[in-house]
Every structure is written in C-alpha cells, then in structure tokens.
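A.B. asks: So TrEMBL lists these for the protein:
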- 207-511: domain 'Glutamyl/glutaminyl-tRNA synthetase class Ib catalytic' (DOMAIN)
- 516-603: domain 'Glutamyl/glutaminyl-tRNA synthetase class Ib anti-codon binding' (DOMAIN)
- 618-690: domain 'tRNA synthetases class I (E and Q) anti-codon binding' (DOMAIN)
Amino acid sequence: MEAKLAFPQDSPPLAILCAAKVAGVSLTIDPKLASGSAPTLHLGSGDFIHGVNTILRYIARVASVTSFYGQDTIQAAYVDQWLDYAPVILSGSEFEAACSFLDGYLASRTFLVSYGLSIADIVIWSNLAGTGQRWESLRRSKKYQNLVRWFNSVADYSDTLDEVVSAYVGKRGIGKSPAPSLKEKLPDSKQTISTPEVDLPGAKVGEVCVRFAPEPSGYLHIGHAKAGLLNKYFAERYKGRLIVRFDDTNPSKESNEFVENVLKDVETLGIKYDIVTYTSDYFPLLMEMAENLIKQGKAYVDDTPKEQMRTERMDGVESKCRNNTVEDNLSLWKEMINGTERGMQCCVRGKLDMQDPNKSLRDPVYYRCNTDPHHRVGSQYKVYPTYDFACPFVDALEGVTHALRSSEYHDRNAQYYRILQEMGLRRVEIYEFSRLNMVYTVLSKRKLLWFVQNKKVEDWTDPRFPTVQGIVRRGLKVEALVQFILEQGASKNLNLMEWDKLWTINKKIIDPVCGRHTAVLKDQRVLLTLTNGPEEPFIRVLPRHKKYEGAGKKATTFTNKIWLERADASVISIGEEVTLMDWGNAIVKEIKTENGIITELLGELHLEGSVKMTKLKLTWLPDIEDLVSLSLVEFDYLIKKKKLEEDENFLDNLNPCTRQEFLALGDANMRNLKQGEIIQLERKGYYRCDAPFIRSSKPIVLFAIPDGRQKSGTN
C-alpha cells in the first residue's frame with residue numbers, strides 16, 4: 001500500500017515512522033503541518049486517519065509482520081495498553097520511573113507482548129530513542145541492563161530503525177527535528193506565545209486534576225477553545241491530569257455526531273487528555289444520590305407548573321410540595337423513573353433556601369423527566385439530572401481538584417459548593433475565567449443551531465461560523481488561535497474581542513510560507529496584445545514564494561497576448577510604461593473602448609526599462625487554454641450589529657448578505673492545489689482551497705482569508 005504521512009516539522013511522529021518501516025508500509029513524508037497538529041495518514045483511496053495511536057493501530061493491522069497486533073483479542077488489548085503508556089517515557093520527570101518499570105518488566109521477557117515482536121515493542125523503543133542523548137547516556141550505563149538488552153535486540157531486528165532515528169532525532173530528543181537545508185530553511189519566526197502566568201488556588205504539582213466538560217449538543221466554538229486550552233495549560237503547568245468529560249444529560253439536544261466532532265476539535269487544538277468520560281457513565285450513581293437526598297429530606301418532588309415555579313423562585317415563595325412526606329416524594333420519584341403521565345408532571349428539587357438573595361440557591365431543580373432516547377444509553381432512562389446537580393457530583397467522584405468555569409456561572413458557584421455539601425462530598429475548587437466574546441458573533445449553541453436548521457449556513461463547519469472547524473475551514477491556522485487565546489490568559493475581565501486581531505496573528509503565520517499565484521476576474525478582464533511579444537509561447541519555472549523555497553516551484557507561460565484586470569487597465573494612460581510582474585516592462589501604445597468601457601490594449605515589451613521607474617506593477621495571466629476556472633468566495637458576518645444587548649433578538653439583526661462569489665481565471669499551476677492549502681493571490685489577498693481541481697468544467701473553490709486590515713467576517 002502507498003500512503004502519505006503529514007506531520008509538523010518540529011515534532012515528527014517517530015513511533016509511526018518506525019512502525020511503518022518494520023511493517024512494510026510505504027510512506028511519502030510531508031512534514032508541513034502546523035506546529036501542534038496531530039499527524040494525519042492520507043491513504044491512496046482518498047481516506048485519511050488522524051492521530052498517533054489511531055494511525056499506529058491501522059499500521060499494526062495491515063503489517064506484513066506476523067502477529068504485529070498480537071495473536072488474539074487479549075494480546076491486542078495488551079498492545080493497546082502499551083500504546084497508551086508510551087508517551088509517559090517522554091514526559092520529563094517520569095522518564096527514569098518509566099525506565100525502571102520497563103527494566104523490571106523485561107527481566108524475564110524477550111518482548112513486551114507474548115513471544116514475538118509487536119507494534120508495542122516498536123512504539124516503546126521509538127519513544128526511548130526519541131529522548132536522544134538522555135536515553136543514550138542510560139544505555140551506556142549498567143543501570144537498566146534488561147531494558148538495554150531488549151532495546152538492542154529490537155534495534156537488531158530491523159536495521160532501518162537506526163536510520164529513522166538518525167534522520168529525525170537530534171541530541172536533545174525528538175522535539176528537535178534536523179534543521180532543513182539552507183535552501184529550504186523556514187523563514188525566521190519572531191512570534192512568541194504569551195501564556196497566562198497565574199496560579200490555581202491550593203494547587204500542588206503532580207496533584208492537580210482539571211476537566212474540560214463540553215455538552216455534545218453542537219461543535220466546539222472559539223469560546224469552548226478558550227476553556228479547553230486553559231485546562232490544557234494548567235494540567236501541563238502542574239503536571240496534572242486532564243479529563244475530557246461529555247456532559248450528556250439532555251438527550252433532546254445531543255448526538256454521537258457532536259461527540260465525534262468535539263473529539264476531533266479537541267485533537268485539532270492539540271489538547272492532550274488522560275481519559276474521556278461521560279456524565280451518563282454515572283447515571284445509576286446520580287439516581288442513587290438523588291434518592292438518598294429525598295430520603296434525608298434534602299430534596300423533594302414538585303409538580304408545580306414550570307412558569308409558576310419560575311415565578312415562585314423569583315419571588316421567594318415556597319412550593320406547596322416543599323413539605324411533602326418522604327413517602328409521598330419517593331412515590332412520585334418512582335412515577336418519574338417509570339416515565340408515567342403523573343411522573344412527567346414532576347421534577348426533583350433540592351431543599352435549600354427559598355429566601356436566599358442568590359436566586360440559584362432557591363430550591364434548584366435536580367432531576368427532570370425526558371422520554372427522548374439518549375445517544376449512548378437509548379431509552380433506558382426516563383429521568384435525567386440537571387447540569388447543576390450532575391456537575392459537582394461527577395467532579396468530586398472523578399478526583400477533579402479545580403473546576404474551571406467561565407464567569408457567566410459566577411452566581412451559581414455558591415450553588416455548586418452547597419450541593420457538594422448536601423451530598424457529603426469533598427470540596428472542589430472553582431477557578432473562574434472570562435468568557436470569550438467576539439464582535440458581530442453569536443456563540444450560543446441554540447442560536448448557532450438555528451442557522452444550521454434554517455439553512456442560513458452550510459452546516460456546523462461553515463466558514464462563517466465561529467466553530468473551530470468553521471474558522472479553520474476559513475483559513476485560520478490552529479497556532480494562531482492558540483496564540484490569540486493564550487495571550488488573554490485566565491483574565492476575569494469581560495472583553496469584547498475583535499476578529500481583526502486574530503486574523504492579524506494568522507497573517508504573520510501564513511504569509512512567510514504560502515505559495516503565490518495569479519488570478520483575474522472573468523468578467524473584469526482586458527486583453528493586452530504585445531506586438532513584439534514572443535511568437536511562440538515559452539515557459540519559465542519560477543518560485544512560488546520568492547523568500548521561501550520550501551513553497552516549491554511553478555511554471556509560468558509567456559505569450560504575446562495576456563490578460564489584465566479591468567481595474568488596472570482603466571488607470572493606464574496611452575504611452576505609459578508599466579511593469580508586468582515576473583516579466584519586465586511594457587509600453588501601452590493604444591487603448592480600445594466600447595461605450596466607454598475598455599475592451600483591449602495594445603503595447604510592446606520594453607524589457608530593458610527600469611522597474612523602479614514605473615508607477616503600476618501589474619499581475620497578468622497568459623491567454624492560453626490551460627488556465628483554470630476559480631470561484632473566489634468572500635464572507636461577511638452573520639449578524640450586522642457589533643454587540644447584541646441581552647434584550648435584543650439576534651433574528652432582528654441578521655446580515656442579509658453574508659456570502660459573495662466571484663468567478664475568475666487562475667494560472668495553470670493551481671490544478672495542483674490540495675484541499676486545505678493556503679495561497680496568496682497576488683494583489684488580491686490570501687485564500688484557502690476548499691475544493692481542489694477535479695475537472696475543467698468545475699471551478700476550484702477558494703475561500704478568502706481576512707488579513708486583519710480589511711473588513712473580515714467570520715461568524
């Protein structure tokens with residue numbers, strides 16, 4: 001099989017590269033992904049596989065080596081455990097402990113799993129080799145003799161392993177891939193990512209556990225990205241654990257599609273987690289806790305109509321059901337569990353304090369009925385806990401030490417602590433940060449869902465959406481998003497952020513490396529005939545980026561008839577000397593018009609002329625059949641008001657025109673553009689290829705990327 005492995009140049013996935021060599025999987029290497037991105041394996045079929053362990057498991061299954069993934073399901077499970085364990089070796093302070101553990105484990109074993117070489121051996125081997133000089137120093141010592149014996153035997157198994165290591169590992173380890181040649185050296189980057197220098201209250205290194213808890217009721221958006229990246233930051237800073245937990249307590253809004261795409265977005269953001277859990281894993285325990293609180297008189301079942309209950313809570317009026325007997329409450333609770341008509345009229349409320357000035361403490365709802373099937377557990381349950389009830393309970397059970405919550409939950413923090421107290425569970429510290437708000441943008445998933453359901457956008461990945469997938473599809477590099485969010489740190493100040501700042505960071509990342517191409521608008525082009533131009537077309541090979549040879553080459557055709565933009569042609573005077581970019585000067589001798597509109601120019605080349613003396617520097621395309629059709633798409637904000645007030649309806653502020661399409665012609669080299677590739681169209685701006693060339697009758701679709709200076713719509 002043939003496959004292409006894409007990965008960031010600064011972090012080559014050594015385990016995959018080594019495993020592929022041993023497995024006999026032929027790889028084409030493409031080290032051009034953005035820093036922090038997970039590796040992707042592109043198969044010849046057009047499919048792709050994303051993530052280190054996912055790719056490793058695929059390689060193990062297609063390997064030519066016998067039993068590379070174990071001989072049965074039990075051994076395959078052992079292999080999976082080793083794949084999950086491997087990153088510990090690279091985790092700094094854990095390195096020596098990992099070596100000691102491995103040395104003891106291998107005291108009576110030749111291989112890690114069973115009696116033959118498996119991908120587990122290759123992965124652990126490559127993670128050791130990936131530490132560079134650190135492992136080599138131990139290897140020369142006599143400290144871990146069993147581990148060194150095993151390491152040498154694996155190296156002897158395939159002499160290609162040392163070749164891979166020498167190609168991708170520097171003295172300091174895998175984090176330093178070999179420097180590119182001078183000709184292909186990446187432009188110097190002076191950007192630094194500013195991280196929030198803040199402390200978690202009571203945090204101890206090695207003991208911190210945080211959780212990122214999205215609800216699977218939509219795709220992650222830029223606001224969720226801030227929460228996820230801050231959790232990642234604190235987990236790494238304190239060498240702690242990070243749990244990704246799906247708060248799946250509302251079956252009416254949730255789906256497996258959202259779960260899968262949230263995990264995809266988490267990986268895109270480079271958030272490394274220890275485990276994925278679901279609140280639904282704890283449904284039996286949550287129901288047991290609710291029943292215990294009822295028995296203790298700390299909760300009651302209420303059948304007050306919803307609107308009346310809301311009014312009573314606002315006014316501090318106790319419900320008529322507040323003093324029901326425990327027996328009556330348990331009877332109604334059973335009706336709720338069974339989803340009967342009587343039970344559907346009820347909910348479980350905590351008996352806290354109806355007179356508290358903080359209204360969140362006025363007997364909040366703990367449980368409510370819902371007969372919609374759940375995306376994980378089907379129709380097993382008819383009752384579901386509220387977020388406010390489930391969140392503190394699961395936080396305490398999972399060992400969370402610090403719960404990061406945006407400041408919009410501030411008034412409910414007292415409720416969170418009080419519920420933990422009522423349950424008799426340990427305290428979890430809440431750490432607040434400000435919610436990320438963007439101009440001209442709605443971040444409510446309910447409102448975003450309205451745009452999807454009413455076909456105002458393509459789907460959740462629409463480039464006008466503030467979802468992670470939407471803004472990446474628009475042309476935003478993940479490292480720009482990370483830098484933008486971490487520059488704000490864990491500030492508690494409520495700020496309305498400008499999109500232009502984010503796009504400016506993005507431009508600094510893409511401009512030094514993206515290839516340059518040329519395009520002219522189809523209905524706005526004018527033919528320039530060069531009377532002394534080449535009688536026969538000829539081709540020159542030019543760099544796609546004059547300052548970065550890593551962008552590759554392009555073939556440019558020179559002819560005696562070329563296309564200019566009408567906007568350029570309209571400002572040229574007869575007799576004026578202009579510069580044709582990548583060619584030289586020409587003098588315009590005649591301008592033809594029809595009904596006041598320029599239809600054609602006649603001129604002659606003057607290549608000995610000085611390009612410094614001309615006022616106009618013009619892009620152009622040769623008049624040849626090989627030009628490709630382009631669809632240049634520009635986007636605007638979905639809403640037309642910079643900031644919506646709380647009492648304003650977003651439907652009253654919809655932008656009537658959010659997408660514009662312009663047909664153009666592009667140079668023939670654009671046939672080779674790949675989906676997702678970012679380019680610059682000379683004198684037009686930056687674009688991301690959303691649909692590459694398939695056939696001449698179907699245009700290449702390019703999405704315009706804001707550069708932070710022009711009007712930029714992104715939600």
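The backbone N, Cα and C atoms fix where each Cβ goes, and this holds for glycine too.
Whatever TrEMBL says is automated annotation, not expert-curated.
The model shown is predicted, which means the values in this text are computed figures rather than measured ones.
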A.B. asks: So what pLDDT does the domain 'Glutamyl/glutaminyl-tRNA synthetase class Ib catalytic' (207-511) average out to?
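C.D. replies: Here the predicted model's pLDDT, averaged over the domain 'Glutamyl/glutaminyl-tRNA synthetase class Ib catalytic' (207-511), is 93.
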A.B. asks: DSSP-wise, what's the residue breakdown of the domain 'Glutamyl/glutaminyl-tRNA synthetase class Ib anti-codon binding' (516-603) into helix, strand and coil?
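C.D. replies: So the domain 'Glutamyl/glutaminyl-tRNA synthetase class Ib anti-codon binding' (516-603) is made up of 10 helix, 50 strand, 28 coil.
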A.B. asks: What is the number of residues in the domain 'tRNA synthetases class I (E and Q) anti-codon binding' (618-690) that are helix, strand and coil, as DSSP sees it?
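C.D. replies: Final tally across the stretch: 9 helix, 31 strand, 33 coil.
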